[in-house]
């Protein structure tokens, strides 16, 4: 009798071990998607991918899973990261060479893809990425990704962050970008985008940060026609393009804006007085354009939070407003006729 009970006990333990092992195993689609990604990477100086072995992918470096479904929700493999514990952190800088496998689309519960600053990722963004409807963050910053942004990216309506800056992307920015209604942060700078800024960008009602600088964009600056369209905007960076036309008067609607950079374009006309409505503005860069005015608008005196002011290399003929001398936060200036106004002590002159 005791022998029979012992055999039953062993059988139950075996079943428990099998069940535990089964619970730890990744979903087959997640496992294939990750292994195909690994196969597409032929160099990983961090060694993280060498630890992607077995079937318990939720414990692999850089992988996070949902505790209930056991599906992969995050692939976090940045080039710069911290290893070790809080008491003895190790700051690591690494690279990966290879391309992003289309099989990444098998990880249908993904919310975060972060391959930023891996430096040597090449190839294209897979068109199949459009099936990842739960994706909230796509960060491929500072790699060598080429070609255009696939249209399928603009169907990812859960995206809050799209960071593709510092790559080799080309083509026009699709008008379908306006579909990304949850988007809060857009980084497309330092690529080779051409064409006009899409009008639909003004429909991104959750947007706080827009970086389109250092591309080959042409045409006019696109801004909302109503204060309600960009109620959360903080940063608008359009420097180093080929933009023409004037600064729209609707710039004055962007009351929450803290940084406006439109340097190194071909903008003309006056610098609008409605800039003075943006009381939270801390950085204003309009240098190296073709603005032609007798003097800066006196409304600039209302921008008392300014810490950076670049207005040189334009056709500004008259004196600068004397109020600049009382701007207590002003630290960095690039202005013509520096001797016509006394600047606060400690200000760095370009």
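The backbone N, Cα and C atoms fix where each Cβ goes, glycine too.
Helix, strand and coil counts from DSSP across the domain 'Leucine-rich repeat-containing N-terminal plant-type' (27-66) read 18 helix, 7 strand, 15 coil. Marked as domain 'Leucine-rich repeat-containing N-terminal plant-type' by TrEMBL: 27-66.
The signal peptide annotation in TrEMBL covers 1-22.
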Could you give the mean pLDDT over the domain 'Leucine-rich repeat-containing N-terminal plant-type' (27-66), rounded to a whole number?
98
